[in-house]
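Following: one structure in structure tokens, then a few remarks.
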Amino acid sequence: MLSALRNRWHAPGGYKDVLRVGLPLVVSLGSTTLMEFTDRVFLSHYSEDAIAASMPAAMANLTFLLFFIGVGSYANVFIAQYSGAAQRSRVGAALWQAIYFSIFGAVVLASMSFFAEPIFRLAGHSESVFRQEVIYFRILSVGSGLALTASCIGCFFSGRGITKPNMVVNLIATAINVPLDYMLIFGVGPFPEMGIAGAGIATASSWGMQLVMYCWLVFTKENDCEFAVWRSRAFDPALFRRMMRFGLPSGVNSFFDLFAVGFFIFIVGRLGSAELAASNIVFSLDTVAFLPMIGLNIAISTLVGQALGSGKPDEAVRATSSTLHIAMLWMGTMALLFVTVPGWLLDVFRPQDMNAAWFAEVQKEGVVLLRFVACYSLLSSMALVYFGAVRGAGDTHYVMWAIVFSAIMLLAVPLLVAQLVFDAGLNGLWAVFTFYVVVLSAIAYRRFHYGPWKSMLVIEREQPEAAVKDDADRKCVSLD
């Protein structure tokens, strides 16, 4: 057994390769998780309305933001396949098409702030929660273009499997965000007390810092010499269309994935403030466990893209199974914590001004909900790994239809029927959500093992003539 583990560690696509690419991304997403987690903790200690409003508003913003990030950051797969195929001069061209898309996305996302009130009126939450949802959503919407552009530019590193810069950028942004978040929420030093608005401003500021750092690291003379990060800044209609053809389904995936959770939160909110607060807290804890898994999702997309770009499908399969083993180990550990110490985990979110009897009700509900999370967490990690693998090949259309169908027919419709027809309570709604995750995981498993992804590519089968000449005659030029 030790010999098999040693072989799997050192083999191409083995544990070592997965951790080399994935671990910095896990740390990056872990830092993002920490940023969001402390944001929720600070708001939970600020007021009951603030913590109740933060999750729906953040989920609504993420639902729109992640559509555009899903499209723009698909440059990661293009860059991975170009790197695997040794077409380095095409890396810069792919990067710039993503940047052009991010500029368009930033405008659309900012415009969503005008629709905040009608969006949250649909939720039917109390007036005090509604007002704070609108404030938080508007600030996040205006700043979302910074996060989108930073995510696209960061693909320059993650797509090539060099992920330590992504980690450093995210750690620095988190180190700035956490104290700024506290000062703006509670009014420390020269800052006025801003509550949930302060949390939004701190988050947008950290996104801006990420963008500045990525620009400084990527657009250098050395990178332009090797990857044409400046020389290839021209708009490339053919490449842009191809990126949209594969990237738009990826964006739809992200949209409906978050739509599913956001719609679930909205439905739960109709049961009452205690049920909404318990679900928000449990989803915050679930995020702590789940967001690092997105790092492994990006890693397996990168490794599969590089392997297929270099014509090695067997290496792609090995990388996927290695990633799955690591993901299961992590999520299994988190599931164990959710079952064994739920009270301690939930108590972290106890607000200072909350009625003790009211929080006891929230905690009682939360303990049961964490058991649901423990049940589906291993399956959700499997779905994330398998969908990440086929996404790295370019099989985005199938994944899109699978997620759209599941989100509507296996979650949204059953939730409405459960509540409106059968008057289901909190546990009934969470049972529906768990069923949705189980079926989606089965779909991911089947597509990976029986789908055509091993023969797919998103890049040109033959290197463009201009790129061949550029790779042969690469010259270092100034970025002026």
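Including glycine, each Cβ sits where the backbone N, Cα and C put it.
Where the annotation comes from TrEMBL, it is an automatic prediction and has not been curated.
Feature annotation from TrEMBL assigns transmembrane segment to 21-38 (among others).
With a threshold of 8 Å between CB atoms, the same-chain residues lying at least 6 positions outside the transmembrane segment (58-79) that come near it are 36, 90-91, 94-95, 97-98, 101-102, 105, 108-109, 112, 119-120, 133, 136-137, 140-141, 144, 147-148, 151-152, 154-156, 158-160, 243-244, 246-248, 250-255, 257-259, 261-262, 265, 298, 301-302, 305, 391-392, 394, 396, 458-459. Positions annotated as transmembrane segment by TrEMBL: 58-79 (among others).
Here TrEMBL flags 91-115 (among others) as transmembrane segment.
Annotation comment: TrEMBL describes 135-156 (among others) as transmembrane segment.
Residues or ranges marked as transmembrane segment by TrEMBL: 168-188 (among others). Beyond the transmembrane segment (168-188), the same-chain residues lying 6 or more positions past its ends with a Cβ under 8 Å from any Cβ of the stretch are 27-29, 31-32, 34-35, 38-39, 42-43, 46, 150, 154, 194-199, 201-203, 205-207, 209-210, 213-214, 217.
The transmembrane segment annotation in TrEMBL covers 194-219 (among others).
For 251-269 (among others), the entry in TrEMBL reads transmembrane segment.
Marked as transmembrane segment by TrEMBL: 281-305 (among others).
According to TrEMBL, the transmembrane segment annotation covers 326-346 (among others).
Outside the transmembrane segment (366-387) by six or more residues, the chain places 253, 278-279, 281-282, 285-286, 289-290, 293-294, 296-297, 300, 320, 323-324, 327-328, 330-332, 334-336, 338-339, 342-343, 345-346, 399, 426-427, 430-431, 433-434, 437-438, 440-441, 443-445, 447-448 with a CB less than 8 A from a CB of the stretch. As annotated by TrEMBL, transmembrane segment applies to 366-387 (among others).
Per TrEMBL, the feature transmembrane segment maps to 399-422 (among others).
Under the heading transmembrane segment, TrEMBL lists 428-445 (among others). Distant neighbours of the transmembrane segment (428-445): 260, 264, 267-268, 271, 279, 369, 372, 375-376, 379-380, 382-383, 386-387, 402-403, 406-407, 410-411, 414-415, 418-419, 422; these residues of the same chain sit at least 6 beyond its ends, with a Cβ under 8 Å from one of its Cβ atoms.
The transmembrane segment (91-115) makes contact with the transmembrane segment (135-156), as judged by at least three Cβ pairs under 8 Å among residues 6 or more apart in sequence. Under 8 Å from some Cβ of the transmembrane segment (281-305) lie the Cβ atoms of residues 13, 17-18, 21-30, 32-33, 36-37, 40, 44, 51, 55, 76-77, 80-81, 84, 158-159, 161, 163, 261, 265, 315-316, 319-320, 323, 326-327, 330-331, 334-335, 338, 345-346, 349, 362, 366, 369-370, 373, 377, 380-381, 384-385, 387-393, 458, all in the same chain and six or more residues away from its ends.
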